[in-house]
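Worksheet: the structure to be examined is printed underneath.
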Amino acid sequence: MSELVNTSEVATVAVPNKNGKINLLDLNRQQMREFFLEMGEKPFRADQVMKWMYHYCSDNFDDMTDINKVLRNKLKDVAEIRAPEVVEEQRSADGTIKWAIAVGDQRVETVYIPEEDRATLCVSSQVGCALECKFCSTAQQGFNRNLRVSEIIGQVWRAAKIVGAAKVTGTRPITNVVMMGMGEPLLNLTNVVPAMEIMLDDFGFGLSKRRVTLSTSGVVPALDKLGDMIDVALAISLHAPNDEIRDEIVPVNKKYNIETFLAAVRRYLAKSNANQGRVTIEYVMLDHVNDETDHAHQLAELLKDTPCKINLIPWNPFPGAPYGRSSNSRIDRFSKVLMDYGFTTIVRKTRGDDIDAACGQLAGDVIDRTKRTLRKRMQGETIDVKAV
């Protein structure tokens, strides 16, 4: 496995862009207040600007009419509000939207998933990923770099603006954010935590801590550190009932095995209010790899001391992967075993797979658009070759 990324990298906060200006999307509220103090202004000005930035998705200082013109002009000289731009949009038949978003000369993917009672945004934390999970398309890209705060919160800002942020109402349709896009969030704590702070801040997006979820594959020291930094909902990418299987499909397990990982999860739960006492277990269903009835019994025994709910995820294929999707009958049988043990078990409905926006598929189109044709063939779909 590739060397893990150092989570203690120098923070990108308050580093001017090439044009010499500070991108205010890089600053959480405390940092924003410090920025205004350094300008000789009152700290409450930071709250006013943040409200315009996040409640109304404004990137124009001239819109901020409750701020005097002298200060607006001063801000234009030293600061900017620059979110990453959408360079491609794809819409699924089920309403899911996937955006390819430019971050410098690279791209990450962000997915909007509407449901009857909520709208969830799946956000990326890195360009690529270092963890090399064998069933994940993003892992095939390898790791490139961590995203800045502005590139993480900027995905939420851009999506909110696109799907209906309006100054007239001050409402935003995005109700939940999940850090489940490209990358391992715990390997970019320096930037992920301030971005999540903005998501939670009343002058930011104002989301409940129960509606912001971080998903991790198990970087244990960083998980312990996270618990001292912020309280958000936690989901863990477990995907195996024992170390033998997990070593193979989630290589970080060789460094931090399941027992070590789950102990860290329980430590996090002891500190957290956001999780309401239990963690979400993510378990991708791989045909004849981790989906046997015996595996379900092993999983139940493994999790008996960890309060949790379990999401079973039908695997989404991509070219070159040596796996198949578990049949519905195998998934149902697996689920029944877990429910018989008393676990809340949900089979996740696949969303956006027709645009490669489903779990484990992000980065497919960015790497090679022709792979979408191959994926559809793997799923037995009819394709219009001229449209590819």
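A Cβ is built for glycine as well, from the same backbone N, Cα and C atoms used for every other residue.
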Legend entry - Further S-adenosyl-L-methionine ligand in Swiss-Prot, beside Gly183, Glu184, Ser237, Leu238, His239, Asn316, within candidate set Ser208, Ser215, Ser335: Ser215
Inset, instruction - Pick the one among the binding-site residues Ser215, Ser237, Asn316 whose Cβ has the fewest other Cβ atoms within 10 Å in this structure. - result: Ser215
Inset, instruction - Select one residue from Cys133, Cys136: among these binding-site residues, choose the one with the most other Cβ atoms within 10 Å of its Cβ. - result: Cys136
Inset, instruction - Over the domain 'Radical SAM core' (115-354), work out the mean pLDDT and round it to an integer. - result: 93
Legend entry - recorded positions compared (Glu109, Glu184) - highest count of Cβ atoms within 10 Å: Glu184
Legend entry - Chain-internal residues, separated by at least six, CB under 8 A from Cys129 ([4Fe-4S] cluster binding site): Cys136, Thr138, Ala139, Gln141, Gly142, Phe143, Met182, Gly183, Glu184
Inset, instruction - Calculate the distance in Å between the alpha carbons (Cα) of Asn316 (S-adenosyl-L-methionine binding site) and Cys122 (disulfide bond), and round it to a whole number. - result: 16
